[in-house]
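Listed features, source TrEMBL:
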| type | residues | note |
| --- | --- | --- |
| DOMAIN | B:20-440 | domain 'DUF112' |
| TRANSMEM | B:12-36 | transmembrane segment |
| TRANSMEM | B:42-69 | transmembrane segment |
| TRANSMEM | B:109-132 | transmembrane segment |
| TRANSMEM | B:138-159 | transmembrane segment |
| TRANSMEM | B:166-183 | transmembrane segment |
| TRANSMEM | B:203-220 | transmembrane segment |
| TRANSMEM | B:254-278 | transmembrane segment |
| TRANSMEM | B:325-344 | transmembrane segment |
| TRANSMEM | B:356-382 | transmembrane segment |
| TRANSMEM | B:413-429 | transmembrane segment |
| TRANSMEM | B:471-491 | transmembrane segment |
Amino acid sequence: MADTMGHSATATRNTKVALGFCLLAIAPQIFELIWSIGTIFGWGTGRGPTAVVISHATALLAGAPGALIGAASGDTKKVSSEVLLALIYSYPLFVVAILTFFMTIRSAQDYVGGVVLMAVALFALWAGSDLQGMRGFSFGAGTAPRMFGGLLVALSAGIALTGLLTDGPPMAHYSWRGPLFVMAGILFFALAIRPLGLVVTGFISFMIAAAGSQETRWLEAAIVGACLTLGCAILFPYVLGLPMPMFPRFLAQ
Amino acid sequence: MELFANLAHGFVVAFSPINLLMCLIGALVGTLVGVLPGIGTIATVAMLLPITFGLPPVGALIMLAGIYYGAQYGGSTTSILVNIPGEATSVVTAIDGHQMARQGRAGPALAIAAIGSFFAGCVATVLIAVLGAPLTKLALAFGPAEYFSLMVLGLIFAVVLAKGSVLKAIAMIVFGLLLSMVGSDIETGASRMAFNIPELADGLGFATVAMGVFGFAEIIRNLDAGAEMSRDLVQQKITGLMPTRKDLVDSTPAILRGTVLGSILGILPGGGATIASFGSYTLEKKLARNPSRFGRGAIEGVAGPESANNAAAQTSFIPLLTLGIPPNAVMALMVGAMTIHGIVPGPQVMQKQPDLVWGMIASMWIGNLMLIIINLPLVGIWVRLLRVPYRLMFPSIVIFCAIGIYSVNNAPVDVILAGVFGLVGYWLIKHDFEPAPLLLGMVLGPLMEENLRRALLISRGDWSVFVMRPLSAVLLAVAAGLLVLTVLPALRSKRDEVFTESEN
Amino acid sequence: MTFIRALTGACAVALASLGLVAPAEAQTYPTRSITTIVPFAAGGPTDVVARIITAHMAQTLGQSIIIENVVGAGGTTATTRAARAANDGYTLITGHMGTHAASVPLYPKLAYHPEKDFEPIALLAGTPILILARRDFPPKDLNEFVTYVKANTEKLNAAHAGVGSVSHVSCELLHSILDIKPVGVPFNGTGPAMNALVAGQVDYMCDQIVNAVPQINAGTIKAYAIATPERNPSLPNVPTTVEAGLPKFQAQAWNAMFAPKGTSPAIVASLNAAAAKALDDETVRKRLLELGSVIPGPAERTPEALATLVKNEIAKWTPVLKPAT
């Protein structure tokens, strides 16, 4: 419960939470950077990492303030999407992060939940910022996303406020093992189903996912995994008639 | 009476050995499809469509219809046992059904779902036969303005069904609405929030998000350190398989109300069945003496919505049979099946193809009978499945879900997205957000936006259409009333609740 | 007799598509089953045409033809996939007017070009387009319709089944001929659009004959004209646009089969021959005619004729659809 938490504990947590929000504020930029590393090895298309870093850094440090000043002085030239991201998404979150330092969080669960949801809403606003708005009396493609994006910003701010004004549960405990291995299993399935086929992929994904629990007994899991894969290999393509690659591509040819 | 002659004719057609067999196959496949997470009815009917080309048309359609309503029976099973709704209509079943399973009452939950569905199916079948033609007018009376108001009402239902904070429930709905807007805009074709990912061009699939926030998230949560205790408890305290007398008494009014609601809303094309199941839940919660039981394993919360969605599944055949217009994607596939057989459904299909129409109506009743005979004994087997150790169960569910999601579009990206939504769902659980309103927002979002825009296009931007059209005005008034009823007590009891809330 | 043949034929295809029929003895082509991508949902007009014709082609070729329905983005997702598939003759696509012509102006970022990325095989069928209106729409014939629509453009609502759909692009053509820009009300598919027309919530639409015939016969909607040179046997009372006084409005939702670019001419020739044979089969013809389709004559079935058709169609739709997006 929140009221059992000492004051100093709240203070240290606040710093952590605020730093977390700062990280969240530049999460899309970081994500694009990680993604862009792939281009070095020739995977995917897009800009290289250096280009990403430079464009976002300039947008965050120079472009966005410039655009703000420009807007204030009535200058309406088109701004780049990096600048928009900084303006719509990163800056508001930085503001929230700074405010967090000075707040007493009474329910971290609600407060953090509200702020992260707000980040999602701001991100959606940015993602929909290139869409057309109202065209006369008819809605444009961007009208509804903006409407609901704005509404979600307001609602999530409300939730965050609840976290400040009323007592509630603190942050819940997250574990890493379950999510990690289950996600790894899913990811492996997605990447391998086409080249390796259902039989191999199903079994390996089963084993990866099984590693998510410390109770797993390997021999037992292997036997069940094999039976299940066999069952699926009969059930899905033959009984339900779903077209699905069965065996690795190199074996089939 | 012409009706009895028609029905008698229908039963003669439906009782022919080949059609009985088709009905049974349809019911079995439907149950299987419903039970398997991720495999949707649309995908299965689409896959099985070619097989029906070799069959006589009546048999083929009886089978496809069987798959469709059979999946409604099967869909509740996964919702109750493992908290994975395969269809939008069974999202609401998962709420109380899974809680019942956690309390060792999976048997009664499954049984009451089957019984409710059977009753609703029978009533709705009679309704199609007797009132099919007049009820068609209802489907035609619903224009864009009425649909928009209905969707608003549907979203209010989602607020009511939330057991925690109203604010959070509304936020989840809006989050769902935003998610539903990913993909091509219907009016301009512009790509919205899709980041040039081709798989997102047509939006996020319901199965993808549902498997993520319900299925994968539930698994991850159960793997948390400290969660073993509650899991093992579930396995040990399984009590009776069949509902007790008290359960039946509690459920009967819910089943009746669910059937009525489902039968009416099912006729409306698109989203009718979903709103029916959510609406039934809301109705039960509002009428209950002790609404706090809902969300914690109230049997009415299973009986009502399950009856409603099965009734809706049956009555959704009405527009198809009387107008020849398919009200949803599965029905559109059935129109395809008819066209391939040289039957083009239209307003005159009842006169021109009496074998087909009345045979199908009779077969629905037979199919429902078969389904309850199949499903009640299966309850024992399903419940036994819960005794499988979780360490073996969870990787199996992961694989089933992954295959299911992959099979919808043969798209690996969908599987990854479901994984991402699994993490989102895990985060939602940790912050005490409920996933059900999110899913409802996602399902109803596109319908709401489309109809809002359509209504405004037709009225040339005049917002008063929503209150000037009587049906629309009534729906909006009900929605507003319901919202007030929900928000007021929530505000009043805020202070008391704050301390009790943290125990969840 | 024909019924039994149809039944056994259909059974054979059903079994073959399940992979239960042993492959015929090895030939040069095809030695294994062929996949035809249909860029729309199973049961839709394109799917139905593809299934009827490929069922017969499979018999001729001695190999099963599997239909894979890949939906999304007005069929362009599937077409992109087909364009990138191996050009060994085992992956084909049954495209239509939208995917292989109208998509060019509609989607500026299209990942394929209908002419450059595909080898045309054969035109399979044409589906005439009708001008439809709600039952109580005032004009009595097409001439009155033209005058009325031009005079009341501001008040009228034209329904269509979504951007890029046949009903959308053909209505755009009609509007460009009439030189008007009425409010287009989009629906999510033909079903809901037809529902709104039957219910009188919208005024008129252009749509394919398949969906409209039963409604016209039942009198729930009315048809002003059919946009083909000849009247259609399933709607003998509906005049053509030529007869009714709007000869410029000619539109057909054609379906045709394509292979990825670089597929060998021998394979294209054998597929074309199989398709042509299917179009001469009595049962196939009967089923296509029941759908209201127009079956291409011998001269229109060649790959060259299809190449010309695609070229002409792109030229026809580009000016109509370009300003719309």
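From the backbone N, Cα and C atoms, a Cβ is placed for every residue, glycine too.
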How about long-range neighbours of the transmembrane segment (B:166-183): same chain, 6 or more residues beyond its ends, C-beta under 8 Å?
155, 158-159, 191-194, 200-204, 209, 428, 432-435, 437-446, 448-449, 486-487, 490
For the transmembrane segment (B:12-36), which partner among B:138-159, B:254-278, B:356-382, B:413-429, B:471-491 gives the most CB pairs under 8 Å?
B:356-382
With pairs fewer than 6 apart in sequence excluded, do the transmembrane segment (B:254-278) and the transmembrane segment (B:109-132) have three or more C-beta pairs that lie under 8 Å?
yes
Counting Cβ pairs under 8 Å that sit 6 or more residues apart, are there three or more between the transmembrane segment (B:471-491) and the transmembrane segment (B:138-159)?
yes
Long-range neighbours of the transmembrane segment (B:203-220), counting only residues six or more past its ends (CB under 8 A):
37-38, 40, 82-88, 91, 94, 179-184, 394, 397-398, 401, 404-405, 408-409, 414, 417-426, 428-429, 435, 438-439, 442-443, 446
